[in-house]
Ligand code: GAR
């Protein structure tokens with residue numbers, strides 16, 4: 001059973017998808033969320049976490065995140081819409097145990113406002129990526145991706161929604177893959 005820490009900054013739909021798959025989907029018996037950490041108290045995902053009986057912590061600074069994580073037995077840290085860059089010290093401390101989901105087909109379009117950039121570039125497809133976190137912004141080793149078409153009448157919002165649907169599938173698939181790999185070690 002993988003013990004997860006999920007780090008969020010906002011809405012938390014990826015957190016919700018993970019918890020749903022833990023309660024009644026592919027992650028049942030494979031993973032559990034030990035703690036949800038948010039960098040701001042207003043992160044909407046915290047409400048969901050509390051309603052689902054998950055332990056939550058508000059950690060405005062990185063040192064608070066480190067202190068929060070140190071109190072737990074964590075196997076994997078999942079960044080799920082966590083919009084803060086982590087320091088090299090942090091990344092090195094949790095190397096190989098720190099993953100992120102990003103709403104493009106990395107290495108294309110790291111950073112922010114990505115759907116606008118995909119549309120402006122006239123891309124015919126986009127998607128999402130789960131990758132290990134390194135010291136760059138969205139640059140770490142890619143674990144898996146899922147693709148979606150970009151449609152002629154897409155707006156950033158419609159494209160984001162299509163990609164998000166695939167994020168909700170992909171993140172759990174990757175965590176399952178890691179849980180299965182760990183269980184045979
Ligand atoms: C998701 O689309 C996620 O891929 C993105 O923020 C959104 C969070 O949504 N993350 C990044 O852009 C990180 N570089 P959520 O709060 O509903 O999960």
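Using N, Cα and C of the backbone, Cβ positions are placed for all residues, glycine too.
100 is the only one of 21, 100 that TrEMBL places in the (6R)-10-formyltetrahydrofolate site (with 83, 84, 85, 86).
Summary: among the binding-site residues (13, 14, 100), the fewest other C-beta atoms within 10 A of the C-beta are counted at 13. On a Cα basis, residue 102 (active site, proton donor) lies 13 Å away from residue 13 (N(1)-(5-phospho-beta-D-ribosyl)glycinamide binding site). Less than 6 Å separates the Cβ from ligand 1 in the case of none of the binding-site residues 84, 85, 86.
Comparing the Cα of residue 102 (active site, proton donor) with the Cα of every entry in 14, 83, 86, 138, these being the recorded positions, the smallest distance points to 138.
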